[in-house]
Amino acid sequence: MGKVILITGASRGIGLQLVKTVIEEDDECIVYGVARTEAGLQSLQREYGADKFVYRVLDITDRSRMEALVEEIRQKHGKLDGIVANAGMLEPVKSISQSNSEHDIKQWERLFDVNFFSIVSLVALCLPLLKSSPFVGNIVFVSSGASVKPYNGWSAYGCSKAALNHFAMDIASEEPSDKVRAVCIAPGVVDTQMQKDIRETLGPQGMTPKALERFTQLYKTSSLLDPKVPAAVLAQLVLKGIPDSLNGQYLRYNDERLGPVQG
């Protein structure tokens, strides 16, 4: 039986490219893709077929529907070989001093539900299936450079990704490394819809002009990464396995320690 991989945020950007890379790297695997919008998921299924790519349109914070998906995977395959937790959101982009209303706190809560609590729930649900893999069950979290350094207006996002980094360490501490491993990867500044939103709406609304200028210049100088670049690293980790030496670690996509998996 081929590997069974679950990818969240699979309808666009890094997630969509990751589905393609995983299937093309391992033609025996089955990928389950989850996202809130269907168009990108449909295009992937048309390209690769329903036997290779199975998708569900849902919000990852909807625990009952995620439970149903995990149960479906259990009944059909009896195992799960890897997860890439890619789904995430950036909003609210706003300074801490301006985040002083009940609505602001609700936005923080929504972001943490998507970027962190839904992932905690998913991992807890999937651990038995990951441990049933004949290989090591690999959990790859898409983190961010904002988890380890401040970005103007990104406090909610950065805090949620920092929590994710710590969660990976906790998994590595609690679970036997011959059964389950976890790693956090910062994908770099990638040419995705999120970057467009930063340049056109979120950044002008919530960042200082100086802070926003970096992202604008990366775009103007064609320095944004193609999604294929981080997707290749994520695919290798979830398919070939997280090295034991990197279990629980946070790394940038181009960290030299990833050499063995960058291929």
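Cβ atoms are placed via backbone N, Cα and C, with glycine included.
Listed by Swiss-Prot as binding NADP(+) are Asn86, Tyr157, Lys161, Val190, Thr192; the candidate from Ile5, Ile7 that the record includes in that site is Ile7. Neighbour counts of Cβ atoms within 10 Å were compared across the binding-site residues Ile7, Val190; the minimum falls on Val190. Other Cβ atoms within 10 Å of the Cβ of Asn86 (NADP(+) binding site), summed over all protein chains shown, number 26. Secondary structure at Thr192 (NADP(+) binding site), taken from DSSP and collapsed to helix, strand or coil, is coil. The candidate set comprises the recorded positions Ser143, Thr192. Of these, Ser143 has the most other Cβ atoms within 10 Å. Comparing C-alpha positions, Asn86 (NADP(+) binding site) sits nearest to Ser143 among the active-site residues Ser143, Tyr157, Lys161.
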